[in-house]
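Please read the structure below before turning to the comments.
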Amino acid sequence: MPRVAKPKAAAPAKKVVSAKKAKSKLYKMPEKVKEGTVFTDLAKGQWRIGPSIGVGGFGEIYAACKVGEKNYDAVVKCEPHGNGPLFVEMHFYLRNAKLEDIKQFMQKHGLKSLGMPYILANGSVEVNGEKHRFIVMPRYGSDLTKFLEQNGKRLPEGTVYRLAIQMLDVYQYMHSNGYVHADLKAANILLGLEKGGAAQAYLVDFGLASHFVTGDFKPDPKKMHNGTIEYTSRDAHLGVPTRRADLEILGYNLIEWLGAELPWVTQKLLAVPPKVQKAKEAFMDNIGESLKTLFPKGVPPPIGDFMKYVSKLTHNQEPDYDKCRSWFSSALKQLKIPNNGDLDFKMKPQTSSNNNLSPPGTSKAATARKAKKIDSPVLNSSLDEKISASEDDEEEEEKSHRKKTAKKVTPSARNAKVSPLKRVADSSPPSQKRVKTEPKSTPRERATPKASPKPRSTPKASPKPQTPTAARLRTPNAKINFSPSISLRGRPGGKTVINDDLTPQPRSKKTYEFNFELDVSMDANVIVNVKRKKKADQDKATAVDSRTPSSRSALASSSKEEASPVTRVNLRKVNGHGDSSTPGRSPRTPAVTVRKYQG
């Protein structure tokens, strides 16, 4: 790498003054160049200066065009002669980034494009009486910083992997010429401007480019901590330029582009380079666990493979670029993202687990409103689930029900939509037939599950005459059990009568009448909305004692109470083999037994 000649030893006093003078000029900002100024390069080419399009750490960048042309398709980077970075960058371009050499590398490796910029011209010019050095390069588009800011400091996963492949191509080109870049970051990666240019990213700013070491590892205090502190490598912290250091810098950037925050940034150590160095050493010494901390939901496989590989490289070992690229290429295939076309920087909306059955993007408020409309829980027959109901709730439901026409459940209902609750039941694994849900204390409204799209047959049972029964029992612990046998028959007005035929002999003249709707299928749970309807004739009637002794005692003790019943609902799918009393039972017929007892 070119070095500035040392002052002669004969004048030591002058040496000190000269050193101080040089230090005062080091990295001085350039003079402002007026728009329309013409620069003449070493090859006598003339370039018209356009508007300023950016200011770097030590120089300013202007749009430019050849004199006589109108398209500002080039840029001029201008710095005072005393500045070092542009001097290094210019000589790197002149020696290693000729357009012919770039094309030859692309042809050798079968590349359609390479993110390696090249120099168009260079020269010196006086601006406001001060000598400046300038270089002319092709003009590129926006840098990645713009997209990171737009997307909340992250990039789409597929785009990150494509950028990794493209930067590895540039690294391979530079390393093949004996140089390392040492300062890869989002601000130094630009997109192309020409037709199809958005498909290729270009690595720029070679102000820290230098020859990498191939011999012994010798730290250089003068070069310690060179680079951008967030991303500079462990070797660069010691002042040693290596090829593995370039890959390590790339890895830190990839982690950040995927939305994770580097530990030394989180810990706010950037103002103290030695602490950053120690944090990076600890991070790379146990890279597997370190990455798990940054990606608690799972480390992206290509990132894990790449960083583990980098951590095992020796300081003078040539990286296996093909192996590194293959990890990112495989990830792109799994994501079904092609490694061509324009780079996509639009973040896709992340889909939730959708546990509340709301579509992606549904607001929480809208989901809450929909949840209030869902009244029927998915029942767990293995657990004694209790569903509370109050008299006020029933009166409100009766009033709202009078305004609507009850929908009749017919066995031949077809093309019906599946209710949200049905979806929850279907999504559960076979071994877990039902999911327990806790009741809400708020008033519940009726849900309306639709009929199954497949026809189902129900046994025809002759209507049984109803006789006066005892006054309606309203006990606080009354429960309703649904278990294996049921006979259904339809009635006008959307009513269905459920007859208990669990015992060999039907209970004489005993029926329960409910307003409810069923949604039954071969592989789904039964969802039942039950509403108790008060009848005047039942309030004064006497009950028929056809229950077991335990249930009779429970009823006797609960007859004095006036609170609303608490229901316990147990459901299970029918195996399709009914008894002789129900010869017409279909496998799709729900099985329900209705009981009341004190819990």
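Residue 1 is the first one shown; counting continues down the chain.
Using N, Cα and C of the backbone, Cβ positions are placed for all residues, glycine too.
Computed from a predicted structure; not experimentally measured.
In summary, of the candidate residues THR475, THR589, the record from Swiss-Prot lists phosphothreonine for THR589, whereas the others have no such entry there. In Swiss-Prot, the entry for phosphoserine among SER462, SER586 corresponds to SER586. In Swiss-Prot, the entry for phosphoserine among SER376, SER419 corresponds to SER376. For the annotation phosphoserine, the record in Swiss-Prot points to SER381 among the listed residues SER381, SER412, SER487, SER551. Candidates SER142, SER233, SER290, SER382 were compared with Swiss-Prot; the annotation phosphoserine appears at SER382.
A Cα-Cα distance of 16 Å separates GLY59 (ATP binding site) from ASP183 (active site, proton acceptor). ASP183 (active site, proton acceptor) sits 17 Å from VAL55 (ATP binding site), taking the Cα positions as reference.
The Cβ of ILE61 (ATP binding site) has 17 other Cβ atoms within 10 Å, all protein chains considered.
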